[in-house]
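Q: Here it is, the structure, as structure tokens.
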Amino acid sequence: MSLKLQASNVTNKNDPKSINSRVFIGNLNTALVKKSDVETIFSKYGRVAGCSVHKGYAFVQYSNERHARAAVLGENGRVLAGQTLDINMAGEPKPDRPKGLKRAASAIYSGYIFDYDYYRDDFYDRLFDYRGRLSPVPVPRAVPVKRPRVTVPLVRRVKTNVPVKLFARSTAVTTSSAKIKLKSSELQAIKTELTQIKSNIDALLSRLEQIAAEQKANPDGKKKGDGGGAGGGGGGGGSGGGGSGGGGGGGSSRPPAPQENTTSEAGLPQGEARTRDDGDEEGLLTHSEEELEHSQDTDADDGALQ
């Protein structure tokens, strides 16, 4: 017959391994449930190293943390002796559990039996308060890397007229080159027109010189023709024949004049014809002089641009 060894009552070791493998059983009906019953229930999850039953709660000390967590998962919320058990890890206090009121020093001991209620609350309060008071491990601060400041040199704006002048000169050169190209083409056209005008003026001058020479060579013949015409109009056919004879004599002494001039001169008096010829000569001369002055001005402008 084998005797079952009871677990010890030691459940208050302070080493981390013992704390992490300890189970707290709350809301326990200790009037009906004994220490042996608690050991029987929790021994199926692993070896129970210690068990202590107190008024309304109990502690179960396992030798392995894995066994303690398995017992918490398996027995939490179980109804035992008409009360629902509140089981969790002793080293991890439940956040929603209210802290027990501390009793007076006279109520700590009740005869021979030691009151673990005050002991448990006071012990874990001190334990977690001590852990909270521990200063955390100082984390080494990252040394900030000093970056060299980039200094931007301040450049003062100096007002200078040189670039503006150069720009103006360049634009002037480009515009002047374009104008020179245009003027060269225009000058070429003007030159061709002037040559044509000059040739026309030369032809007109030669014609005028020819007319003037003819008039100086035969001034009497023209008067006779005029007199014969007048006599023929007043006296009849005899004087008309004389006028025709005079006209024939004049024709033999000089070359025949153009038909337009003879007809116009015959229809007009001698004074009016002469004034008309002089006016035509003066108009042609003034026109030719203006054209020559204009050609000289354009040649001077072309030379200045080149």
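Every residue gets a Cβ built from N, Cα and C, even glycine.
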Q: With the ranges 13-46, 183-216 to choose from, which does Swiss-Prot describe as coiled coil?
A: 183-216
Q: Among LYS102, LYS165, which is annotated N6-acetyllysine in Swiss-Prot?
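A: Matching LYS102, LYS165 against Swiss-Prot annotations yields LYS165.
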Q: What residue among THR11, THR298 has an entry for phosphothreonine in Swiss-Prot?
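A: Checked Swiss-Prot: the phosphothreonine annotation sits on THR298.
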Q: Across the domain 'RRM' (21-92), what does the pLDDT come to on average, as a whole number?
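A: Over the domain 'RRM' (21-92), the predicted model scores a mean pLDDT of 90.
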Q: Rounded to a whole number, how many Å is the Cα of LYS44 (N6-acetyllysine) away from the Cα of SER63 (phosphoserine)?
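A: Here the two Cα atoms lie 13 Å apart.
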Q: With H, G and I counted as helix, E and B as strand and the rest as coil, say where DSSP puts LYS44 (N6-acetyllysine).
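A: DSSP assigns LYS44 (N6-acetyllysine) to helix.
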Q: Any same-chain residues 6+ apart from SER63 (phosphoserine) with CB under 8 Å of its CB? Would you list them in sequence order, or say none?
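A: Expected: SER21, GLY46, ARG47, ALA49.
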